[in-house]
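Quick notes on the structure that follows.
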Amino acid sequence: MTQFIEGKWVAGLGHEVTSINPANQEVIWNSKTATPEQVSQAVDAARNAQFDWFMLGFEGRLAIVEAYRDQLEANKAEMAEVIAQETGKPQWETATEAGAMIGKIGLSVAAYHKRTGTSESETPAGRAVLRHKPHGVVAVFGPYNFPGHLPNGHIVPALLAGNTVVFKPSELTPKVAELMLKLWEKAGLPAGVINLVQGEVETGKALAAHPQIDGLFFTGSSRTGHILHQQYAGDPGKILALEMGGNNPLIIKDVADTKAAVHDIIQSAYISAGQRCTCARRLYVEKGATGDALLEQLVAAIKQIKVGPWNAQPQPFMGSMISETAAKGMVEAQRNLLNLGANSLVELTHIEAGTGLVSPGLIDVTGVIELPDEEYFGPLLQVVRYSDFDEAIKLANTTRYGLSAGILADSREDYDYFLARIRAGIVNWNKQITGASGAAPFGGVGASGNHRASAFYAADYCAYPVASVEADAVSLPATLSPGLSL
């Protein structure tokens, strides 16, 4: 019983699907997918529950969301363990993700009041009141890299605003989603307010195309996001929020503390085995002896990175990629770059057949004429040597993406120069570019998103503004308009 529809756990009626621990091939979860008919049942359940959920009022909805927060707190160790088993991420990282899910509640409440609350003011025309109302039924598509935190970041603000949800998680991390719904159930969520449909592409297509959803919130690949964007282009009545990753640049310029710079490069490129949408994919290093010395330190540090299963002790920095297929894809990406003329500085290797375990790679692509503008979603960092700062910024902007970017530089003037010219939604200075604040918006431009930033700004796409001019009684104006007599 792995689908949650109208407050009941039911069996999927589609084909069998299995979730496997990518570090050891252990079966974590096995069930059947939701059919298109079951997707329709889930949407109908959400539709039937939506008005009552909205009319419960913010305080009533908040009480249930806070009860869910308490369930997360009580079960955070289990949540972290399930995330680790399904994704292959080390336990120190998944404990952080479980904690972020708890923290998201307070941030979402603050965002609701600041971004979409109610306000009023007196005007000559009457009392002007601004309110916000929910869209209705929204679909949430979750990714595999943060299977708890990222969908949680859509679901919580959507519910606070008064929407109901149909949640389709990644088929690679279904057990995390199942645990989330069990905690919502324990929190006393009314039937139909969240519905879970587990499945693969056909389940997602059925949900995305359903005529009775009012919006879709998506985190995932640029390819899928662009398909959804085209699909929704002819339906302006539906809200579409896309977060789609990037080919993110990091520039190094005149840094005295090279050890700290190496640390921030590693944290930017290799955390989560390179499977964060904000991970650095391109590293720009000055030509000459200073850049050579930095790269020498970086190569030595990369070779010391510990890689291992999610439960290894002592804990590794990098766990497994999400699957053996993903690991092989990174080996192939490296091969393609080498065939284009790149030079390997640290080879990315598939450590163990049958697993997603790979070692981190560093590859010099300076001078490669037709460098692919691709998001290689794994621990492979491309190095480009540059002659002057303007060249580095120009190269950094040579991408259709625009999610995150950063510069490590001791000069504030260099940062200001970079900030004014770089095109990205997240721009960091002397910090890893995988670091983002939940109290700030999170999103990119270009192929990285559609101007629907998430995190603190998720409240914006979960409700629409309703502007009213009000008076307590009907009254005649002091002076009638010309040509009128009453």
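Any Cβ shown, glycine's included, is placed from N, Cα and C.
These numbers come from a predicted model, not from an experiment.
Counting every protein chain shown, the Cβ of Glu243 (active site) has 27 other Cβ atoms within 10 Å. The active site feature in Swiss-Prot is assigned to Glu243 (among others); the stated evidence is sequence analysis.
Cys277 (active site) falls outside any helix or strand according to DSSP and counts as coil. The Cβ of Cys277 (active site) has Asn145, Thr219, Glu243, Met244, Gly245, Gly246, Glu375, Leu403, Ser404, Ser448 as same-chain neighbours under 8 Å, each 6 or more residues away in sequence. As annotated by Swiss-Prot, active site applies to Cys277 (among others).
The feature NAD(+) binding site is assigned by Swiss-Prot to Gly220, Ser221, Ser222, Arg223, Thr224, Gly225, with sequence analysis given as support. Of all Cβ atoms in the shown protein chains, 16 besides its own fall within 10 Å of the Cβ of Thr224 (NAD(+) binding site).
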When you measure from the Cβ of Ser221 (NAD(+) binding site), how many other Cβ atoms are you left with inside 10 Å?
15
Tell me which residues of the chain lie with their Cβ under 8 angstroms from that of Gly225 (NAD(+) binding site), as long as they are six or more apart in sequence?
Phe218, Leu242, Glu243, Met244, Asn450
Determine, from DSSP, whether Glu243 (active site) sits in helix, strand or coil.
strand
Can you tell which of the binding-site residues (Gly220, Ser222, Arg223) has the fewest other C-beta atoms within 10 angstroms of its C-beta?
Arg223
